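Trainee: Attaching a single structure in structure tokens format; questions to follow.
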Amino acid sequence: MIHSKCTPATSFPSPISTNQLNLPILLPPPFSSPSYPPPPFHPVLLLLLPQKTWAMASAAVTAAVGSLPSSKSSSLSKAPSMSPATLERTSFHKVRPCCESFVPGCVSRIFDDELRQACLYSRSVSTASARKKPVAVRAQVTTDAPAKAAKVSKKDDEGVVTNKYKPKEPYVGTCLLNSKITGDDAPGETWHMVHVRRRGSLQRGQSIGVIADGIDKNGKPHKLRLYSFASSAIGDFGDSKTVSSHGRGSLCTRSMCSSVATPRRLLQVSLCVKRLVYTNEQGEVVKGVCSNFLCDLKPGAEVKITGPVGKEMLMPKDPNATVIMLATGTGIAPFRSFLWKMFFEKHHDYKFNGLAWLFLGVPTSSSLLYKEEFEKMKERAPDSFRVDYAVSREQTNEKGEKMYIQTRMAEYAGELWELLKKDNTFVYMCGLKGMEKGIDDIMVSLAADDGIDWLSYKRELKRAEQWNVEVY
């Protein structure tokens, strides 16, 4: 991309040509108008010419570029139509991938992701031999990864609110319901709970903090723990009638409740929490303070809530996007929120027409979270929603290896890689930190097949907000 800003009072658009690298060449404007004096140098090609020869140099450069053959080869040659009597010397200087040149009255800046991997070409054409020798232009542009188009950052959205409620001044919500959503034979308990809080701006992909009741061994309040919320804007009951505005601490039946979408109502926040219980090196059973506090909550109990926090996992706004979600265990929480908006909710300004592809990894089938919801989504939108489960203790691949999330992804390696090359594909990863390395290992081999360095390409994806990770 080339961005040029000139300060003369009279603005005159310059003709733009294209060389064989598809690199825009900004030519000087015609100088028939005395109100627009020629700049001291060309902002892109840096034509080192006397001021009186600018107009003729412009025509000569246009003719030289237009005379190049249409071949896509990196070595091009053809004699240009140039007048040796007027053009003393034309030099194409080496330009660095990102440079700034400042002169009075004109500021030129060059940006191009593809050029970050290599410098442009350097050429010198002598007018004395222009009629005798062909002009040789060698293009040597290499990239480690395809360039990504610039996008408007989701993190710059003015509607995204963070840290409205601080630990010293938390909002006190109320537990509406709390139920275990894993089977009795599952390795560990996972609970789904719904709290009510004052309405505010809470975006899908954000997290809230929870402060457990009581004090720690030092007599201080417990530290907060962050949890991604798994809420739907229409309520977990699917009818937008989960809570009322009768005041803090009050609850109501579904028939008494009013819509959460109307003003002066409370907001429902759902969490997906795994109870943490483990045995330490001394053989003592240790219980996680906050997770056990939440899993033991009874309807009507109060909960101190902070936040919201986070912009990394915000849902893409493009309704035509491809959204690939990689989750293990309770990492499914933000994706449940995404998927409810895509397939269960109705919005006047949003209708999902893209592809949502979920990979969910769990140890046992009794640990699969929200499976019934996902199966219903498949029925409603078979062309727009795909879900693949990886059950590590019950499934294996063709080699007899345990079926982890990266193992399942490897079955669709080619398809996933092709999707990753598109500018409207967004990958989200949430859950146990251990899965990140396994997924990277898969991507390294896929990228290598295309001659691309995966780590470099992943950095490009992150800069474009197409690779989003929240692991713990």
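Every residue gets a Cβ built from N, Cα and C, even glycine.
Remember, TrEMBL labels are computer predictions, not curated facts.
So TrEMBL says this about it:
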- SER228, LYS274, THR330, VAL362, PRO363, SER392, ARG393, LYS402, GLY431, LEU432, GLU470: NADP(+) binding site (BINDING)
- 145-315: domain 'FAD-binding FR-type' (DOMAIN)
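Quick one: how deep are these features, and who are their neighbours?
Mentor: Of all Cβ atoms in the protein chains displayed, 13 besides its own lie within 10 Å of the Cβ of ARG393 (NADP(+) binding site). Annotation note: ARG393 (NADP(+) binding site) sits in a coil segment as assigned by DSSP.
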Trainee: In the three-state scheme derived from DSSP, which category covers THR330 (NADP(+) binding site)?
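Mentor: It is helical.
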Trainee: Kindly assign SER228 (NADP(+) binding site) to one of the three DSSP-derived states: helix, strand or coil.
Mentor: strand
Trainee: Of all the binding-site residues given, PRO363, GLY431, which residue's CB has the most CB neighbours within 10 A?
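Mentor: Going through PRO363, GLY431 one by one, the largest Cβ count within 10 Å is at GLY431.
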Trainee: Sort PRO363 (NADP(+) binding site) into helix, strand or coil using the DSSP assignment.
Mentor: coil
Trainee: For SER228 (NADP(+) binding site), what residues in its own chain, 6 or more apart in sequence, show a Cβ-Cβ distance under 8 Å?
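Mentor: Result: GLY205, GLN206, SER207, CYS272, MET313, GLY331, ALA333, PRO334, CYS430, GLU470.
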Trainee: Let me know the largest Cα to Cα distance in Å among the NADP(+)-binding residues SER228, LYS274, THR330, VAL362, PRO363, SER392, ARG393, LYS402, GLY431, LEU432, GLU470, as an integer.
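Mentor: 28 Å is the greatest Cα spacing among the residues binding NADP(+).
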Trainee: Provide the three-state secondary structure of GLU470 (NADP(+) binding site) computed with DSSP.
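Mentor: Its secondary structure by DSSP: strand.
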